[in-house]
Amino acid sequence: MEKGVYIIGTSTDIGKTFISGLILKKLREEGRNAGYYKAVLSGAIKDKKGLIPLDCEEVMEISGLKESYENMVSYILENPYSPHLASEVEEVSISMEKIKKDYKSVRDKYDFILCEGSGGIVCPISFSEKKLMLEDIIKEFNLPIILVSNSGLGAINHTVLTVSYLRNLGLKVKGIILNKFNKSDIIHRDNKKIIKELTGVNNISTVPKIEDIEKYDLNELNEVLYGI
């Protein structure tokens, strides 16, 4: 298995943070020394102690990982905008060198790194000073991608287009996860079949709407992680 994966979504609010937490939980329960990293996080909540990155909180709560925010995220922004706009409004300069340095620190501490992207693949990280896209970070880290999509109407279009775009960039798609999958829904079942045929991606896992994480069988993720 690779030394890490990059989790991205077909769009924002698709559930990639929740999925990141599930994957990290599985890896850690298997005995892997697995950590989490996100280059830029926007939409943090401000309290008396500063900015609270909710994505990190969610991942730690699900996975059991205990880590400081500064070791998980390079840039924490308050406004719930695309990273390039949030950083511009908050007058924060995004540096690829800092991102590379922080990622190396996480990589030195953990054997496996689960990186989470910001939104979909066409996501500007910085635009006003020097243009930096999410794809640039993924290329720099040289990690395969797990793509998270919804399971309902629109999933075929969004997923196939994203996979095509990723391949045009020369990025490796390790697998696909269809989130909030309902086995009794004919649309969901058909979407999985058509997506597999149109993309040629064989490693597709499904995650249902989960009320109690402890009751979820993490082995359902084996296909996307291990191809079994």
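For all residues, glycine too, the Cβ spot is worked out from N, Cα and C.
Going through ASP47, ASP55, ASP136 against Swiss-Prot, the one listed in the Mg(2+) site together with THR17, GLU116 turns out to be ASP55.
In terms of local Cβ density within 10 Å, GLU116 ranks first among the binding-site residues ASP13, GLU116.
Long-range Cβ neighbours of GLY117 (ATP binding site) (same chain, at least 6 residues apart, Cβ-Cβ under 8 Å): TYR6, ILE7, ILE8, GLY9, LYS16, LYS38, CYS123, LEU134, ILE138. Compute the center of the Cβ atoms of THR17, ASP55, GLU116, which mark the site for Mg(2+); besides them, the chain residues with Cβ within 8 Å of that center are ILE7, LYS16, SER20, GLY21, LYS38, LEU41, CYS56, GLU58, VAL59.
Note: the Cα of LYS180 (ATP binding site) and the Cα of GLU116 (Mg(2+) binding site) are spaced 19 Å from each other.
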